[in-house]
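Visitor: Mind looking over this structure? Questions follow.
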Amino acid sequence: MTSLAERAAQLSPNARAALARELVRAGTTFPTDICEPVAVVGIGCRFPGNVTGPESFWQLLADGVDTIEQVPPDRWDADAFYDPDPSASGRMTTKWGGFVSDVDAFDADFFGITPREAVAMDPQHRILLEVAWEALEHAGIPPDSLSGTRTGVMMGLSSWDYTIVNIERRADIDAYLSTGTPHCAAVGRIAYLLGLRGPAVAVDTACSSSLVAIHLACQSLRLRETDVALAGGVQLTLSPFTAIALSKWSALSPTGRCNSFDANADGFVRGEGCGVVVLKRLADAVRDQDRVLAVVRGSATNSDGRSNGMTAPNALAQRDVITSALKLADVTPDSVNYVETHGTGTVLGDPIEFESLAATYGLGKGQGESPCALGSVKTNIGHLEAAAGVAGFIKAVLAVQRGHIPRNLHFTRWNPAIDASATRLFVPTESAPWPAAAGPRRAAVSSFGLSGTNAHVVVEQAPDTAVAAAGGMPYVSALNVSGKTAARVASAAAVLADWMSGPGAAAPLADVAHTLNRHRARHAKFATVIARDRAEAIAGLRALAAGQPRVGVVDCDQHAGGPGRVFVYSGQGSQWASMGQQLLANEPAFAKAVAELDPIFVDQVGFSLQQTLIDGDEVVGIDRIQPVLVGMQLALTELWRSYGVIPDAVIGHSMGEVSAAVVAGALTPEQGLRVITTRSRLMARLSGQGAMALLELDADAAEALIAGYPQVTLAVHASPRQTVIAGPPEQVDTVIAAVATQNRLARRVEVDVASHHPIIDPILPELRSALADLTPQPPSIPIISTTYESAQPVADADYWSANLRNPVRFHQAVTAAGVDHNTFIEISPHPVLTHALTDTLDPDGSHTVMSTMNRELDQTLYFHAQLAAVGVAASEHTTGRLVDLPPTPWHHQRFWVTDRSAMSELAATHPLLGAHIEMPRNGDHVWQTDVGTEVCPWLADHKVFGQPIMPAAGFAEIALAAASEALGTAADAVAPNIVINQFEVEQMLPLDGHTPLTTQLIRGGDSQIRVEIYSRTRGGEFCRHATAKVEQSPRECAHAHPEAQGPATGTTVSPADFYALLRQTGQHHGPAFAALSRIVRLADGSAETEISIPDEAPRHPGYRLHPVVLDAALQSVGAAIPDGEIAGSAEASYLPVSFETIRVYRDIGRHVRCRAHLTNLDGGTGKMGRIVLINDAGHIAAEVDGIYLRRVERRAVPLPLEQKIFDAEWTESPIAAVPAPEPAAETTRGSWLVLADATVDAPGKAQAKSMADDFVQQWRSPMRRVHTADIHDESAVLAAFAETAGDPEHPPVGVVVFVGGASSRLDDELAAARDTVWSITTVVRAVVGTWHGRSPRLWLVTGGGLSVADDEPGTPAAASLKGLVRVLAFEHPDMRTTLVDLDITQDPLTALSAELRNAGSGSRHDDVIAWRGERRFVERLSRATIDVSKGHPVVRQGASYVVTGGLGGLGLVVARWLVDRGAGRVVLGGRSDPTDEQCNVLAELQTRAEIVVVRGDVASPGVAEKLIETARQSGGQLRGVVHAAAVIEDSLVFSMSRDNLERVWAPKATGALRMHEATADCELDWWLGFSSAASLLGSPGQAAYACASAWLDALVGWRRASGLPAAVINWGPWSEVGVAQALVGSVLDTISVAEGIEALDSLLAADRIRTGVARLRADRALVAFPEIRSISYFTQVVEELDSAGDLGDWGGPDALADLDPGEARRAVTERMCARIAAVMGYTDQSTVEPAVPLDKPLTELGLDSLMAVRIRNGARADFGVEPPVALILQGASLHDLTADLMRQLGLNDPDPALNNADTIRDRARQRAAARHGAAMRRRPKPAVQGG
């Protein structure tokens, strides 16, 4: 040993570490440290058997689980590759392995990796990233804390399977392959993403890779290259090729098991997985108080050298590496009781390994030595090859840590070549405790590589380094849950809650908080859960996960942001009994502050503050209240300070300025208490004099109002919109009454004496005198005065006199503070200034307003929640122990190369033709392939109005390729003798993930050859998309193009601008199709472009005319259109649909020039053109003549069925439990109206009435007034609501309607449903017509009426209310109508109470809710899925069918569909005789089936029976019924009449019931109801139709639950047919007849119960209906439409503040113009906004009441205020609406004439009157709609 080492050995660990670093910097090493112990402090792993971490791995080992399984089908076909003969070509001798699930899943977003890069990354790299992160979390080392540190990464990798997979798809290889698959990138990426500065080394020594990596990591630590090391390895089996090769060696077990050391050993079975360990020097780990799992005492590596073969093991080398490791570890072999062997289970390898083990660890048997067990984890999970070493290492670490040796599987007797009799070695066949030993437990791990590299590691039990538990448990714990997004925070909270309820139930809460706060990464988003105990913590975490508010939960959006804190001290009014009691008991800093203040308090005030708080009695009298409040405020300030929260400025409100002065240092506590005591004592003399009132008026309005009351003065400037007045009680009450008439808030403020008023004047001289000797100091913290405008007041006697007398300038002070400060904390026992603060500060979210206590909530929990919101968690200051929390939950997505089998097939065949079959007759040919976007992802870059569409160029290439292939041209050769004529796209082909395509080449009898291209519908029908004629011509190749001698000159157009223009017309060309690199527009009406095939477009030798090239050439025709003549609009686009001829002369290559000519620029329905493609040599490569571009409307673009079908599904959504007193008390304070049916003539009604009565008794409280009425008594309802709305102290908050079922008979239910709907419209009229404040929320309550599960019949009467809910969401969104279905078998009112208490929380609300037991379900609109595999025939040949509403447009479409499908008899019901047009249709159908018309109203008795009887006449087999009868009469709920409701209700709902009853004895295949999208999506003006449709929906559910066939389709509007065309608007496009028939076929075949079918306009839904953002039902739609529905960059009303009046008016006008254009369906805004003037009434543009409602709702979303619907309908113009909004926003309009609201309304009324007079003179006949 060197002298340096000897001296260094005497140093402390810290000193030795510092010396070692210096030596490393000097270029030398530290020789004694090669033996330094290394601590294992963390483990991450994923192994077969669903092992996701050390706990699950140990459980697998302890249970002796064998994880080997047959090769999963997503890897390869095990049977196809299997052959027991090792010599079989291309086959393997095994079907088995150990596999990790979901190897294609990765959380790329978490690591900031793009999807494109993630696809190119080897999954081994991906899993290594995630497991490395998990290992650091297990170690308690926040990964982000390692950035910039000397942390090393050493990982073993040897497999290249994913590289092989990528090479198979060489056409799609991109730049990311170079960093996605090399092994060096795996470690480099970890170092890069975590910012690690230590060595990053990838190790490939085959099977020993990961153990060698661990050895290198230990060496690096000892040499001080690194301070922390991540070491391990990964192996995934993605390709069969390695297994095939190993089979040729006979290395793999034919039985699929590793029988280590056993006589049955026949080879190994491959496994896969990943393991990572976190290593530190033991001294560092002890210093850092890390949890040490085990210690690496020594390790060694060597090579076999020359042996019997390169892959043959060498016993001597294995013995040497073991000996070296033991020597370096300085331990004897007999101290090792367990060896984790290489143990592959091969006939050759096992005996050789045992020989080396016997020569080292085996000696000593019979000499009292303890035995040594041999194990191999390969018997559990297979041979993990590159990860095998780390798997065994982790097993050894866990074994020594837990003192238990797991059993070895598949061992019965020793391999005959092994003699263990003379050794201490044995194979444990049962798990057993570790043998007793004098020293620490020790184990060893061996790993031997195929190429000869060996590694051996000695592992030892960790020394006792446990951190002592904290001395005392905190009263509360703060759990910080962090994530990169709010969604990740929610999922982390859910996982943690589940863990704390299950595996982690025994973990102390303080340790959980400590681990979260100190040992986890802090991401951009974090939330905090404050809890006293485990149950509270779990409930808080679940609330956080569900997005529900709860006491003690601070979500991601509640944390204060920005610099600058202001402590705000309130005036009188925040006191309450028992304030501060919990804080005295729980918070030492608060108790200390009170105790230190108490002697001063007693001396100045005369009684004990401390005793007052302990007693908890109510403090009475102004002379006691004010001093106690100041004492409380000073103690609360010290509480904040004890956690490091210090104010940067202070503000006091009235008496609160005393506390502010003390905190700022201007007064001492003694002086402050003297001031408040003197002040309050003098005020007590005036007790009972004067009154004060809070007014919802700004200062100017308040001054103007009280000008007539000389004794009333302005006392407080509370906020920009609120003031407080003071004066004689009678005058104050008069002012209150005057304000109340304006529907504004006005109420008394409870005070002993009216301060800040002349009433105070008599005591002011004495106050000045008593405080004359006060000597204030300059404040150390800025005071922002509410008494004077001076920046820093002098807190002398004059100041305190003015403080009591002057008006409180609170909002001015807050406004001034808000310039430089972001967080305002109210210091008081209860928040009383919150509203004033939030009302004053800007609402853009840059300021945070908080409080300190809340009298209705747990004081300690509430304070710590506020503390967390500031960014401080109390438990961050406490100690604790690291616990094994669940790791970060990954948000996995699938990343994988394109399907390999498809790629292999495409490599051999044309990409768009596919498999070829030559027909036996006529020389016809057929090709079949899949052109879906999953198989051909590049085609997804060709979109029309957002939908991937097969380009016409693609069809043209298919025709060319088919003709060339069938006519004998080589697959990769151009065929100049082939001409395509009369090419036509008959119907666009929408592309889905998988889109099968069939191409047919037909030789006609006239020697003509045709190509036809088909897809197949879900109903099995072929749909022809394109046709072409093929001609074989001897035409010679064209040569040089006369105009192609050089680039043309003209007007250059930017390709980016050109593509942007195309996007405006609905054409989107993604990277694969954006091929134009140069565009020059020429004067002769042509354009020359340069085309380069993008890298994203695939290459293939089979292309004759690459679709991307031809598509770009067709784009060039559009580029030839002159400036100003846009080829299309937002609602229509010009698309190529036919070509006269296509000729290809020579190979195009990747680059070509194009000359495009416009031959006809007619702006009508189409344009004509031709193109010439010129190669680089100047030769013509191809020509296309007679190109026709047709104008295609947006609604004509087909969509796949999956994009048109919707469902309303139930989702469990728990509500956060609310402790009493509830936090939502403020949201329920006010007046409530409870309505129920007073008649109890049915059990359901009696139940509802009883529930209503119980609710009234429970809900009444001092803060809630409850009124009642009979729901069916209209006058009583109106009177009750007038009474509810008449109490200004308790404004209306909610209307609760209890709805009961009529009886078990459906006909009674039908009438009850209709009557209930009508009665609820009365409630709406009462609210909308008589109340002008914030609308109360409407609650509809039923008991078990909704069908949540499929087997629940429900009651149609209750379910019909869903239609009303959906419509009111748009007509009156402010009412937030909600249907709650309670479980009457449980405690329904508890659930209802929870709903009402939580109603005010969150930005979204649930509108249809069902409780089942304690489980809460909500309805969500979702995309539906369809499975047509059931495949039963939809229409039976020759059978009979009935269609109600059969003579309507939709009925006749259904009739034709039935006849086309083979129906024998179709009975059509109708109310009138057929028209001539209908007779013509019927006559045509009659030629193919028997058509019978039955006249009558299906809602009338006997008509339905007649329809069924007719269908069954003469032995007809009735197999299906379609109920399509309908009448629509648009009407807003507010104005709907009872007759209107009945006319709509009868055919849809009553008719459905009649058809249900009439078919009771029929054996039907299906009973289909045609319902409306209005009941699924909602539609303003469609309340009656929506409710009737919802009743039909529920009847279908009732039938299914009763075992009867039934289905319903909620149709959106059809084009040209159906009475529901009124629903067409800017949100729903019409369904074509073909689309409707496809849906009808598919949905009946799939046997779905309920499905909505509609073409939802993704680009306009949020524009037309901004209110859906606040409705949780539409969450999925909102997420889909957020980007598409944007109306541009609108900053909200705040964006107008900095504009001058003229600019503000223009901004408002432009925004309203965009809104109106979207609602009314104008694509050209100039229709709405002509140049000048802007006073054309909107009603003259076609505006109706429904549009007016939507314009109002849009204005509310944009500006926060709304124009009245009546104003819009009275003839208002865009100019008028702008003026009204400017007035409401408080912006001065530059046109003074428009500032008066009466002027605006008068002008609109005059226009309306003139139009009405003209209309009466014309007297048109009323329109009648029929069904």
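Keep in mind that glycine also has a Cβ here, set from the backbone N, Cα and C atoms.
As annotated in Swiss-Prot:
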type: ACT_SITE; residues: Cys207; note: active site, for beta-ketoacyl synthase activity
type: ACT_SITE; residues: His342; note: active site, for beta-ketoacyl synthase activity
type: ACT_SITE; residues: His383; note: active site, for beta-ketoacyl synthase activity
type: ACT_SITE; residues: Ser654; note: active site, for malonyltransferase activity
type: ACT_SITE; residues: His942; note: active site, proton acceptor
type: ACT_SITE; residues: Asp1111; note: active site, proton donor
type: DOMAIN; residues: 910-1198; note: domain 'PKS/mFAS DH'
type: REGION; residues: 910-1076; note: region 'Dehydratase'
type: REGION; residues: 910-1037; note: region 'N-terminal hotdog fold'
Visitor: Work through the active-site residues one by one (Cys207, His342, His383, His942) and name whichever has its CA nearest to the CA of the residue listed as 'active site, for malonyltransferase activity'.
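Guide: Result: the closest of the active-site residues to the residue listed as 'active site, for malonyltransferase activity' is His942.
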Visitor: To the nearest whole angstrom, state the Cα distance for the pair His383 (active site, for beta-ketoacyl synthase activity) and His942 (active site, proton acceptor).
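Guide: Cα to Cα, His383 (active site, for beta-ketoacyl synthase activity) and His942 (active site, proton acceptor) are separated by 47 Å.
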Visitor: Taking the Cβ of His342 (active site, for beta-ketoacyl synthase activity) as the reference point, list residues of the same chain whose Cβ is under 8 angstroms away and which are at least six residues distant in sequence.
Guide: Cys207, Gly349, Glu353, Ser376, Ala388, Ser446, Ser447, Phe448
Visitor: Within the chain of His942 (active site, proton acceptor), which residues six or more apart in sequence place their C-beta under 8 angstroms from its C-beta?
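Guide: Those within reach of His942 (active site, proton acceptor), by Cβ under 8 Å and sequence separation of 6 or more, are Pro948, Ile949, Met950, Pro951, Gly954, His1068, His1069, Gly1070, Ala1072, Phe1073, Asp1111.
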Visitor: Count the residues of the region 'N-terminal hotdog fold' (910-1037) that DSSP assigns to helix (H, G, I), to strand (E, B) and to coil, and report the three numbers in that order.
Guide: 20 helix, 52 strand, 56 coil
Visitor: In the three-state scheme derived from DSSP, which category covers Cys207 (active site, for beta-ketoacyl synthase activity)?
Guide: helix
Visitor: Counting across all protein chains shown, how many other Cβ atoms sit within 10 Å of the Cβ of Cys207 (active site, for beta-ketoacyl synthase activity)?
Guide: 27
Visitor: Which of the three DSSP-derived classes (helix, strand, coil) applies to His383 (active site, for beta-ketoacyl synthase activity)?
Guide: strand
Visitor: Is Asp1111 (active site, proton donor) helix, strand or coil when read with DSSP?
Guide: helix
Visitor: Can you check how the pLDDT averages out over the region 'N-terminal hotdog fold' (910-1037)?
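Guide: A mean pLDDT of 85 is what the predicted model shows over the region 'N-terminal hotdog fold' (910-1037).
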Visitor: Within 10 Å of the Cβ of Asp1111 (active site, proton donor), how many other Cβ atoms can you find? Include all protein chains, please.
Guide: 24
Visitor: Where's the emptiest Cβ shell within 10 Å among the active-site residues His383, Ser654?
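Guide: Sparsest of the active-site residues His383, Ser654 by Cβ contacts within 10 Å: Ser654.
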